[in-house]
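What TrEMBL says about this one:
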DOMAIN    A:76-277  domain 'ABC transmembrane type-1'
TRANSMEM  A:12-37  transmembrane segment
TRANSMEM  A:76-99  transmembrane segment
TRANSMEM  A:111-136  transmembrane segment
TRANSMEM  A:142-163  transmembrane segment
TRANSMEM  A:184-209  transmembrane segment
TRANSMEM  A:258-277  transmembrane segment
Amino acid sequence: MAVKKTTAASRAFDVLNVGALIGLAVVTVLPFLYVLAGSFATETEIDARPFFLWPREVVTDAYDFIFSTDAFVRSLVITIGVTAVGTVIQVMLTFTMAYPLAQKRLPGRRVVINLVVFTLVFGGGMIPTFLVVQSLGLLDSYWALILPMAINPFYLIIVKNFFQELPEELLEAARIDGCSEIGTFFRIVLPLSRPIVATFSLFYAVAIWNDYMSALLYIRDTSKWTLQMFVQQVTVSTDMSNTLGRIDANFVPPEQGVRFATIVLATLPIMLFYPFLQKHFAKGILIGSVKG
Amino acid sequence: MSVIAPQKSTPVSRPSADATHTVRLRTRLMRYRWLYLMLLPGLVYFAVFKYAPMYGVTLAFKDYVPFLGWNESPWVGTEHFERLFTSPDFPRILGNTLFLAFLHIVIVFPAPIVVALMLNEVRRSILKRMIQTTIYIPHFLSWTIVASLTYLLFALGDGPVTVLAENLFGSSFAFLTDPEWFRPLIIFQTLWKTTGWGTIIYLAALAGVDASLYEAARIDGANRFQQMWHITLPAIRSTIVIMLILTSSNLMDTGFEQIYLMTNSLNRDVAEVFDTYVYFTGIAQGQYSYSTAIGLFKGVVGLILVFGTNWLAKRFKQSTLF
């Protein structure tokens, strides 16, 4: 960069460019700051002021109300449980299937890979999948939130490609030392793949956590609603008392504040994990693109 | 980045000097037995949740009666497709889907390229990283959160954006229910959620550009825009083409959750796309066969788009996916 001369035009470009990017970043975070401020404000303040980043009077009415009802905590517990169990199942299924598919000597492997790739470009669609889930008796079961998307074919192919790049000599050495195929997988391959296991665990976890469609399709019982379903009911549909299940003639819930606080509470877990997510997701997106 | 490209290599053959073939075959099969066992749970998954629904598209040619089941329900030929293609809903839904797809290609697709080029010009790496960290956030949020934020910010009368717009233009706005505003809102949401994250793939491609090219261009008197046009853009051209193929092959996928959450009784005419129409006719009204036919139509068009765009890319001697 020694030759570089900063001309006036170049400097003006830099100022405009950085200014525009900072503007973009501000537009990204401003809604969150507003919602965060609103969640701690009184109902009268939310009504009176169209926009603010700091409430005049800090109150926790909205949070008190949300936590005083069962609906929110129940949906949170359900979502945490489904995400934890689902992620373990998804990662196990994906990695155990990817490993044999990465073994070039395995007869029939090509056929299976083609069948997997075909599902990327064509599928039965929403209704036939719904009828399969229904015929398995999974409606209103938490398994319906996990099993229909137990393996993401795209991730499967990426993990398979990753396994193919592991040094062949290493696996050969393990086999010569008398290690079984499954032993090699658990004792040599998986420990070597720890970073990619972490990456895909997060991919899967975020997908289940954020999944709204499965709950909409497969869960009718309101007591089994997930967090995303709860958020949609409170903020998008206007039927709050029905969702929160607490009807008291003498008590008026801080409706606006509850909407704000619900968004904050639903966003919080993602924000807590954000540093990990950013690191691993960026890596994952690039793992997928190194080939070819 | 041929992530879904089939492997071109053939299985490794192991010529052996004197071991008999039968012994080798048996020992190899013994080994494979465990590999096949590992393959089994995944195969079951694909059979049940991917291929059984594919077989289920035969419902599109039947009249599904729940107590008769999939196999016993009577065949009706192409009745459901005739109904779909003659329905007044069809041109409306096709139009809505294609219009959103068009806006996606024209507005949403180029946005991360532009932002990646802008980020690439930022010299202070701390500032660059801070901006990146911020604009990646929305990628991780669910569509329910995005829709909730939209409902709060654009609320009739007292939403901050509504108040701002009304003060600026002096007229009233009904962003959430006015059909005129449905598409702008959808595109704005998608831009907000996907642009930042979309830059990653381009920034990775940009990181590989040889710095001495810029040096040489500067010595030749090229200004910043000329450098961007003649060095940076050509360097990421193949990435852009691959992303364009991926985007075009998904044109029919308008994103069920986003559209569903933003649809209401007042904007349904412009909001309804294939995905939400399948949901309303199938799940809400229980017309399983008809909605399966709609889904099948959408799937087949999608399939044609995948192979069509790939064929186009091949013709123009670009990198392809298959």
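Backbone N, Cα and C atoms are what each Cβ position is placed from, and that goes for glycine too.
Counting C-beta pairs under 8 angstroms (sequence separation of 6 or more), the transmembrane segment (A:12-37) reaches the transmembrane segment (A:258-277) with 3 or more such pairs.
For the transmembrane segment (A:111-136), the neighbouring stretch richest in Cβ pairs under 8 Å, chosen from A:76-99, A:142-163, A:184-209, A:258-277, is A:142-163. Within its own chain, the transmembrane segment (A:142-163) has Cβ neighbours under 8 Å at 78, 81-82, 85-86, 89-90, 93-95, 97-99, 101-102, 113, 116-117, 119-120, 129, 132-133, 189, 193, 196, 200, 203-204, 207-208, 211, 214-215, 217-219, 224, 226, 284, 287-288, 291, counting only residues six or more beyond its boundaries.
Outside the transmembrane segment (A:184-209) by six or more residues, the chain places 79, 82-83, 86-87, 90-91, 94-96, 99, 145-146, 149, 152, 155, 159, 162-163, 166, 170-171, 174-175, 227, 269-270, 273, 276-277, 280-281, 283-284, 287 with a CB less than 8 A from a CB of the stretch.
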